[in-house]
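Enquirer: For reference, the structure I am asking about is given below.
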Amino acid sequence: QAAPDEGRASGHKLTVYWGAEDDTTTLDDVCNDSSYDVVNLAFLSHFFSAGGYPKMSIGNLDGPSQAQKKAGATGLQDGSSLVKSIKNCQSKGKPVILSMGGATDYSDVQLNSDAQGQQIANTVWNLFLGGTDHKELRPFGDVKLDGVDLDNETNDGTGYLAMTKQFKANFQKDTSKKYYITAAPQCPYPDQSEPLDVCQLLDWVQVQFYNNGNCNIAQRGFAKAVKNWSKGIGSGVQLYIGALASGADGDEGYVHAATLNRAVNQVKAMNLPNFGGAMLWEAHSAVKNGQLPEED
């Protein structure tokens, strides 16, 4: 039970990453679990890959479709096997968000200019969200994902503000649905990879309170980091407490359920104006480790 069981009724939510690990936990498993409110698909790992298109690294998908191959976009994946599951999730009111980035050993989401940032926002808009260019290349066909999550861990935020503004402008073009833009910065405050001027424009920020020593959950600097992040992103942006669902992958800072519940209660007691809930990395390890949250 790695997440708080109380308080969800008052609007506190649980987001979870899925796709980067072993696929024995399916997207349907995650979407059908009432504990989870939002799924982050991990990952769109490279902004510029074969043919100038992005590269996807979603674990249980195969290679590119015929149309993608023909266009030279061989870093894209044929996501048709996930379409039904994504629709299932969305039908339950659970947004499915494309997370872009990940650990730097496996990704490259560095930008060298504002123009590149705007270009990526347009490319991703067309391939995954409400855009209509490159229809034949869309990994999930006519399914529109619900937004993007910025998981830049390069320590270089160049172009991210321009990209974020372009995403938000694109979102306005499709009034048929609500789109979200979020980020997952590291807990040392502030984070160069996800600059504050970017975070202040987002719907929520799910801070990784792990892999970072002093500001990890239950460490000495945790409370101060939470307060700094809450204030820095502004009261209009929700703050989620990011936690590991297991210590199995060599990640550092995993805490047992009771400790995480204590930490979340500690945050609740701060009465922050923008506390939104918790985030878990990662769905497969949560199941494997028996770390699913308690039901309300």
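Heads up, the Cβ atoms here are built off N, Cα and C, so glycines get one too.
Per Swiss-Prot, the feature active site, proton donor maps to Glu153; the stated evidence is sequence analysis. The domain 'GH18' annotation in Swiss-Prot covers 12-296. Look at Swiss-Prot and you will find Asn32, Asn152, Asn228 tagged as N-linked glycosylation site.
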Enquirer: If H, G and I count as helix, E and B as strand, and all else as coil, what does DSSP give for Asn152 (N-linked glycosylation site)?
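Expert: Going by the DSSP assignment, Asn152 (N-linked glycosylation site) belongs to neither helix nor strand, so it counts as coil.
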Enquirer: Within a 10 Å radius around the Cβ, which one of these recorded positions has the most neighbouring Cβ atoms: Asn32, Asn152, Glu153, Asn228?
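Expert: Within the set of recorded positions, the most crowded position is Asn152.
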Enquirer: What whole-number Å value do you get for the CA-CA distance of Asn32 (N-linked glycosylation site) and Asn152 (N-linked glycosylation site)?
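Expert: Roughly 29 Å, rounded to the nearest whole number.
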Enquirer: In angstrom units, rounded to an integer, how far apart are the Cα atoms of Asn228 (N-linked glycosylation site) and Glu153 (active site, proton donor)?
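Expert: Cα-Cα, rounded: 19 Å.
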Enquirer: Which of the three DSSP states, helix, strand or coil, fits Asn228 (N-linked glycosylation site)?
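Expert: Reduced to three states, the DSSP call for Asn228 (N-linked glycosylation site) is helix.
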